[in-house]
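Features reported for this protein in TrEMBL:
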DOMAIN    21-50  domain '4Fe-4S ferredoxin-type'
DOMAIN    61-90  domain '4Fe-4S ferredoxin-type'
DOMAIN    105-134  domain '4Fe-4S ferredoxin-type'
DOMAIN    144-173  domain '4Fe-4S ferredoxin-type'
DOMAIN    184-213  domain '4Fe-4S ferredoxin-type'
DOMAIN    232-261  domain '4Fe-4S ferredoxin-type'
DOMAIN    264-293  domain '4Fe-4S ferredoxin-type'
DOMAIN    301-330  domain '4Fe-4S ferredoxin-type'
Amino acid sequence: MQTKEVYDKGFKIFRGGTNRRELSWSEDKCVGCGICSDICPVDAINMGPLGAIAKNNVCAPKMDVDGGVCVLCGMCACACPFEALSLQINDKSIKEIPHYPKILRGINLNQNSCVLCKQCEIICPQEAINVDRELPERKHLVLGEINIDKDTCVLCGICADYCPADAIELIPNETNSLNLKPFADIVVDTNTCVYCKVCEISCPHDAIEVICYKCPLAKRIEKPKLYGSIKGETNIDKESCVTCGWCENICPTDAIEVEKPFEGELLIDDDACNACGACIEICPCNALVFPKPDEPAQKVPKIAVNPEVCVLCGACAHACPIDAIKVRRVNINMTPIKVTAWQKAFKKLLADN
């Protein structure tokens, strides 16, 4: 007898006996791609109202499994490209059992080539990348002195207005009839000042003197020397990564390689599309956008996709309320399938099937 247990952001379906099986689903990992529903041999999986969910119009799970119909075969868990579904047999994941097929996807980082620029961390749609870098102390890059002659300074604030580093501050005074001056003093934050001399040049009363011992004006800092002083590491959370390829495409040193699960194309019927935006909201890769015209009156598609960062998961197609999006997969990157029934099931995910 099978039992289904529903909990916050997930569920489990398990069956006891000598061949114990447990299917679990994590809503946090699920993107609503619908591959599990497409491949299920007994039609036990139903997708939720994905378009409404993506646009926060309803609060509901992206998918559900009928525990009374599911046979716990594990086909959905093998096909899920985001590991939102997992099947264990006698407490062992089928991903560790050799004869079960596995979809191949992944991401590799060459730490030696990485320059810790943080671009991948900034653009990752799943916030799966963290760049932890230690910059050299500022004193190794700039060194100088700044002196303000308080007797000559009239506290006009021109230097503060011009300072590109906002390093100069005028200290307000508590003005009254016995203390008429609006400012009590002027101070310079030497931790922020870059000794650029803008304040010295702009001071109309020649009250400021800046001496730059080591700064961009005195000597150009060579990049190799600077990068040699930067230490750190880039870390990728492979559990959260959807292998979209954003990081690979923008990495300036080609330090990242991404293997995607599918090959093919995404087809959008622009005439049928009503630009509701459900596909954009649900896409785990931020691959879909409302394109903007480059010039007035230019006609552009209602929705555009960048194939370089699309994984062809199909979440957009399932979320589209008018079936204006089709996913045409021509290949699945996976280990060999030995069982004929499973071969036929996985072929349903490809084009013309």
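Just so you know, glycine gets a Cβ as well, placed from its N, Cα and C.
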Fill in: Which of 61-90, 232-261, 264-293, 301-330 contacts the domain '4Fe-4S ferredoxin-type' (21-50) most, counting Cβ pairs under 8 Å
61-90
Fill in: Non-local residues, at least 6 beyond the ends, that sit with Cβ under 8 Å of the domain '4Fe-4S ferredoxin-type' (232-261)
29, 31, 81-83, 103-111, 113-117, 119-121, 123-134, 284-287, 308-313, 332-334
Worksheet item: the domain '4Fe-4S ferredoxin-type' (105-134): mean pLDDT?
Response: 95
Practice prompt. Between the domain '4Fe-4S ferredoxin-type' (144-173) and the stretches 105-134, 184-213, 264-293, work out which stretch tops the count of Cβ pairs under 8 Å.
Written response: 184-213
